[in-house]
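Colleague: First the structure, which I've put down as structure tokens, then a few questions once you've had a look.
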Amino acid sequence: MSVVNRRIAVYPGTFDPITNGHIDLVSRAAPLFESIVVGVAQSPSKGPSLPLQQRVTLAREALCQHENVQVIGFDTLLAHFVRHVGAGVLLRGLRAVSDFEYEFQMASMNRHLIPEVETLFLTPAEQHSFISSSLVREIARLGGDVSGFAPAAVVAALRQNL
């Protein structure tokens, strides 16, 4: 078992793209931890619409007001990444009951792979509970206005890449 720091949390995701819901979760979690590492996953199986480095850059811009938050891209197993940064907590968001089954399965697998790390679930603020990266991408792809769901830099990146 690795030595972990429960004051360091990893918030993993594809962040394709980062949304106001993700930003809200990090903003509310930031005071709870000494450090939050936002881990932007390569996730080739998901076929991200934005390249990894661009997703990292957009997340850094969106979260730059938090001194204790860093954004790092990774292309390894999440368990390896968590151990690499020495985190003792995995942060996950639960928007609705529909998220629960998948998140419960992932938390159980992570508990098996990294038993020294706890998974902490946070729910979004009500105004962000319906936002998902896939919906934001789809609305943007079809020419809809996503400015209420993501930062301006993300909106511009989606317009350019979709």
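Glycine residues also receive a Cβ, built from the backbone N, Cα and C atoms like all the rest.
From Swiss-Prot, for reference:
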- Thr14, Phe15, His22, Gly93, Leu94, Arg95, Glu103, His128, Ser129, Phe130, Ile131, Ser132, Ser133, Ser134: ATP binding site (BINDING)
- Thr14, Lys46, Leu78, Arg92: substrate binding site (BINDING)
- His22: site 'Transition state stabilizer' (SITE)
Colleague: Hey, what's the widest CA-to-CA gap across Thr14, Phe15, His22, Gly93, Leu94, Arg95, Glu103, His128, Ser129, Phe130, Ile131, Ser132, Ser133, Ser134, the ATP contacts in the record, in Å?
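Modeller: Greatest Cα separation within the listed binding residues comes to 18 Å.
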Colleague: Of Thr14, Ser129, Ser133, which of the binding-site residues has the most Cβ neighbours inside 10 Å?
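Modeller: The largest 10 Å Cβ neighbour count belongs to Ser133.
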Colleague: Could you state the CA-to-CA distance between Glu103 (ATP binding site) and Leu78 (substrate binding site) to the nearest Å?
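Modeller: Computed Cα spacing between Glu103 (ATP binding site) and Leu78 (substrate binding site) is 14 Å.
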Colleague: Here are some binding-site residues: His22, Arg92. Which one has the most Cβ atoms within 10 Å of its Cβ?
Modeller: His22
Colleague: Compile a sequence-ordered list of residues in the same chain as Ile131 (ATP binding site), six or more apart from it, whose Cβ lies below 8 A from its Cβ; state 'none' when nothing qualifies.
Modeller: Thr19, Asn20, Gly21, Arg95, Pro124, Phe149
Colleague: State the count of C-beta atoms found within 10 angstroms of the C-beta of Glu103 (ATP binding site), not counting that atom itself.
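Modeller: There are 16 such Cβ atoms around Glu103 (ATP binding site).
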Colleague: Which whole-number value in Å describes the distance between the Cα atoms of Arg92 (substrate binding site) and Ser133 (ATP binding site)?
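Modeller: Answer for this pair: 15 Å between alpha carbons.
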Colleague: Calculate the distance in Å between the alpha carbons (Cα) of Thr14 (ATP binding site) and Leu78 (substrate binding site), and round it to a whole number.
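Modeller: So the alpha carbons of Thr14 (ATP binding site) and Leu78 (substrate binding site) sit roughly 12 Å from each other.
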Colleague: State the count of C-beta atoms found within 10 angstroms of the C-beta of Leu78 (substrate binding site), not counting that atom itself.
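Modeller: Here the count is 19.
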Colleague: Under 8 Å between C-beta atoms and at least six apart in sequence, can you list the same-chain neighbours of Leu94 (ATP binding site), or say none if there are none?
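Modeller: For Leu94 (ATP binding site), the qualifying residues are Phe100, Glu103, Phe121, Leu122, Thr123.
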